[in-house]
Amino acid sequence: MVSVGLSVLAGFLLSAAFAPLGFWFAVPVAIAVFLYSVTKTRHPFPNAFLFAAVFNYLTLEWSGQFVGLVPVLFLVLLQSVFYIPLGFISFKRDRYSRIWLVLPVILIADEVRSVFPFQGFGWNRLSFSQADAPFRIIASYLGDSSLTFLSVLLGIALYLLFARAQLTSIALVILVCTAALFVPVQSSGQGSIRVLAVQGNVPRLGLDFNSRAEEVFNMHLSKTQKALNQIEAKPDFIVWPENAVDVDPFLNEEVGEKISNLARSSSIPIIVGAVLRDSNQPKNASIMWNSEGNVESIYVKRTLTPFGEYIPLRSLSELVSPFAETVADFIPGTMSIRHKINNANVAPIICYELINDSNVNSNVAASNLVVVQTNNATFADSGQSIQQLDISRIRAIEQNRWVISVSTTGVSAIIDNRGVVRSITKQNEAAYIESQVPLIQEESIAHRLNGYSAILIIAFSILVYLRKRRMNV
């Protein structure tokens, strides 16, 4: 029973690394507690699953805020299965070498669940909890997986410190993590641009945030007009969040004309998030009107949210949750598009795409600024929005780009290429943020590796385990 309690405690501690608590150092503490628990039990595989289930439920409980408990438990079950192989650590014959299995198992689990099933759901990959870690800059060289590697490595060192005085291994871990503190930031700014990001809020929170046509649009239009009257320096462009235009601006001529007039009268380009309905199936789009009031570029979201923008296994899903019947299947986009504004090439990333590595990498290519457009109205007053902000911070470091993250309900933020939040709004209120932001052309090493960094880190972690096993230390 002690090991069961420790597994639950380890899962709770791991969840504490994510918002709303956000203690990055909780990861190594959780790993150390789990390693102790799994080496003290005769039932390691159930304990590993329990550890993962507690962690996943506590970090993802917001996903059931309006759809009920059953879908959340289904999600937690799927996410937790990938951690069951952690049970292999418990074998007594070479226990101290087997603890090093935790590195490749967690790294592989995070990568696999990010792509499978249903395009994956890597929202709570351990790396995304490390936005405040002192070694976070290493992500611009070796990708976000390097943050998982280092935080788990610290957990192993902490376990060894209390379980067995293995000073050589502990010293090596400390040396590696200390070296990561001195990794320089990659940056090569070429000019700057002034941005106005508008968080217009919504009339009500929940699934029906846009039940009254044009209401969300009018709130964003009104807040933008007020902001333009209040700010001193004219922005080079305006950006609205995902779903800020809650009707199709091409089918609703009045709405389309209002956006066009806003851009034309202010001589400021505007990027808006809108749902297009020019067919039986909708499209989630990022649309730019230029300063003359004409549509210049349209990006259609390529990575759709499972159970939010399309329903996998629809007949089964509708039995599990009645809300599945209300979700229309969106059409995914097929191309990466950059919005061109003066000397800025703006890469749009729409909400859920943020956790898709290949989607982020291909969108950011040939860009010098990133805009994340998101709608958090469905999950307001939960940890979801801050969790997403932390993911944006990691992406800013990894891609060596400033990121403008704008939400309907907050939080919205301006993030530099070190992952530092320069400006931020509060949740559930109309607000705006403006700033002069650098345009960085230089691609990070992590971007150039294009996902191969994760493979390299996993391979290295396996080699570390094999070496430790051969040495039996």
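Cβ atoms are placed via backbone N, Cα and C, with glycine included.
Taken from TrEMBL, the feature domain 'CN hydrolase' covers 193-439.
For 12-36 (among others), the entry in TrEMBL reads transmembrane segment. If you look at the transmembrane segment (12-36), the same-chain residues 6 or more away from its ends with a CB under 8 A from one of its CBs are 6, 51, 54-55, 58-59, 86, 89, 99, 102, 124, 126, 128-133, 151-152, 154-159, 162-163, 383, 386-387, 389-390.
Sequence annotations record features per position, and here TrEMBL assigns transmembrane segment to 43-60 (among others).
With a cut-off of 8 Å between Cβ atoms, the residues of this chain six or more beyond the transmembrane segment (66-86) that come close are 34, 38, 44-45, 48-49, 51-53, 55-57, 60, 101-102, 105-106, 108-109, 112-113, 117, 121, 124, 206-207, 307, 320-321, 323, 378. Marked as transmembrane segment by TrEMBL: 66-86 (among others).
According to TrEMBL, the feature transmembrane segment maps to 98-118 (among others).
Listed by sequence, the residues of this chain that lie at least six past the ends of the transmembrane segment (138-160) yet keep a Cβ under 8 A from its Cβ atoms are 24, 27-32, 34-36, 96, 99-100, 102-103, 106-107, 110-111, 125-130, 166, 169-170, 173-174, 176-177, 180, 183, 185-186, 357, 394, 397-400, 417, 444-446, 449, 451, 453-454, 456-458, 460-461. For 138-160 (among others), the entry in TrEMBL reads transmembrane segment.
According to TrEMBL, the transmembrane segment annotation covers 167-185 (among others). Beyond its flanks by at least six residues, the transmembrane segment (167-185) meets 134-135, 137-138, 140-141, 150, 153-154, 156-157, 160-161, 400, 417-418, 473 of its own chain at Cβ-Cβ distances under 8 Å.
The transmembrane segment annotation in TrEMBL covers 449-466 (among others). Nonlocal intrachain contacts for the transmembrane segment (449-466), taken as residues 6+ away from its ends with a CB within less than 8 angstroms of a stretch CB, comprise 97, 100-101, 103-104, 107-108, 111, 142-143, 145-146, 149, 357-358, 361.
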Distal contacts, the transmembrane segment (43-60) - CB-CB under 8 A, six or more residues away: 3-4, 7-8, 10-12, 14-15, 18, 30, 34, 37, 72-73, 75-77, 79-90, 123-124, 383, 387
Distant-in-sequence neighbours of the transmembrane segment (98-118), which means Cβ under 8 A and at least six residues beyond its ends: 31, 34-35, 39, 78-79, 82-83, 85-86, 88-91, 125-127, 145, 148-149, 152-153, 155-156, 159-160, 306-307, 312, 355-357, 454, 457-458, 461-462, 464-465, 468-469
